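Okay, structure first, notes after.
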Amino acid sequence: MLFSNNKIHAEGKLALIVGASQGLGADLALKLYQQNCSVILVARTETKLVAQIERIQSSSPENNATLSYKCCDASNYEDCVKLWNDLIVDQKQDPDFIFCCAGSSIPKLFSDLTAKDFAIGINTNYTTSLNITHTGFKQVLGQFSDLSCDQYKKRHVIFVSSVVSFYPFIGYSQYAPLKSAIQSLSIILRQEMGPFNYRVSCVFPGNFQSEGYEEEQKTKPSITKSIEGSSKPISGEDCADIILNQLNRGYDTVTTDFIGWLLGCSVLGVLPRSWGFFQVIVSFIFSIIAPIANYVVYRDVLKFFKTRSTREVEEYEIVSTDDNKKTL
């Protein structure tokens, strides 16, 4: 565990939250504001941002913190450059926390996905985080170029990956690889931005209730649901509470449930630890049982495709018979 004594201390600070028009980003904005932390909400859709501002303000009407929003397409690099220039140069606002929460999943079988689906996955789940972080870091370096590395103020970048980056499986080819890329990016930037007093954390949420989660259920293959199991998603606000609590305790690899923590033990690598001694033990156990678990999952996948193929043939035969009757 790195930065074990580095608590968030959100009160009186400023947070920039990208992807704050709904879901986890909006709930993190709510929780931070309730801790008297000023928040800038960033997303593309102004009407959604205004609605979130009203919701958050009504939760703590006597709060001294400020709430504002910026419309920005974080998948567009030049939009991000303009955002940071407006904040740091024009408005003299230098966020202490940068939460990269933009993301969406279209769970389908690989053969059912379209080029547009993949483009959305890349732009929303990876490019947004990359653009915001890179343009922000460049703006800070340019603005404070007269400072030595250790003189930069403390800043904190929080990436949101997913538990499926620990264990990717059928149905998530549009989503999981990009969340794995976020995990990898966080490791690299911990090295490259750390010398400039940036703390870099990566969050790996499990299922939580949100608008996005409801949309996922509409396209999610039955085999994907079967592998995930019937666990009930936690609320978005509970997820935000867990994340902020773990970050405040100094953890830079954050999971939101026990299953996520267990799966994280299977791919420890150079990730910052969370209960590291126990993770090493669980990791050893995983190295023994993982081949068996993979066999069981793959057996179910084979069964799914065989059943699916049989059903498609039967449906085709029924349609063909009906067409022949019409012809006669």
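Please read every residue number as a count from 1 along the shown chain.
Each Cβ is built from the backbone N, Cα and C atoms, and glycine gets one as well.
The active site, proton donor annotation in Swiss-Prot covers Ser161. The active site, proton acceptor annotation in Swiss-Prot covers Tyr175. Among the features that Swiss-Prot reports, active site, lowers pKa of active site Tyr is placed at Lys179. Residues annotated as NADP(+) binding site in Swiss-Prot, with similarity to another entry given as evidence: Leu16, Leu24, Asp73, Tyr175, Lys179, Ser210. Positions annotated as NADPH binding site by Swiss-Prot: Gly19, Ser21, Gly23, Arg44, Lys48, Asp73. The motif 'GXSXG' feature in Swiss-Prot is assigned to 19-23; the stated evidence is similarity to another entry. Positions annotated as transmembrane segment by Swiss-Prot, on the basis of sequence analysis: 277-297.
Helix first, then strand, then coil: DSSP counts for the motif 'GXSXG' (19-23) stand at 1 helix, 0 strand, 4 coil.
All chains included, 27 other C-beta atoms sit within 10 angstroms of the C-beta of Ser161 (active site, proton donor).
Look at Lys179 (active site, lowers pKa of active site Tyr): DSSP puts it in a helix.
For Arg44 (NADPH binding site), applying a Cβ distance below 8 Å and a minimum sequence separation of six or more within one chain yields Ser21, Cys71, Cys72, Asp73.
Leu16 (NADP(+) binding site) sits 17 Å from the residue listed as 'active site, proton donor', taking the CA atoms of both as reference points. Checked against Ser161 (active site, proton donor) by C-alpha proximity, the recorded positions Gly19, Leu24, Lys48, Lys179, Ser210 yield Lys179 as the nearest.
Spread of the NADP(+) binding residues is 24 Å (greatest Cα-Cα distance among Leu16, Leu24, Asp73, Tyr175, Lys179, Ser210). Taking Tyr175, Lys179, Ser210 as the recorded positions under consideration, the smallest Cα distance to Gly19 (NADPH binding site) is found for Ser210.
Counted within 10 Å of its Cβ, the other Cβ atoms near Leu16 (NADP(+) binding site) come to 26, all protein chains included. Put simply, the two farthest-apart Cα atoms among Gly19, Ser21, Gly23, Arg44, Lys48, Asp73, the recorded binders of NADPH, are 17 Å from each other.
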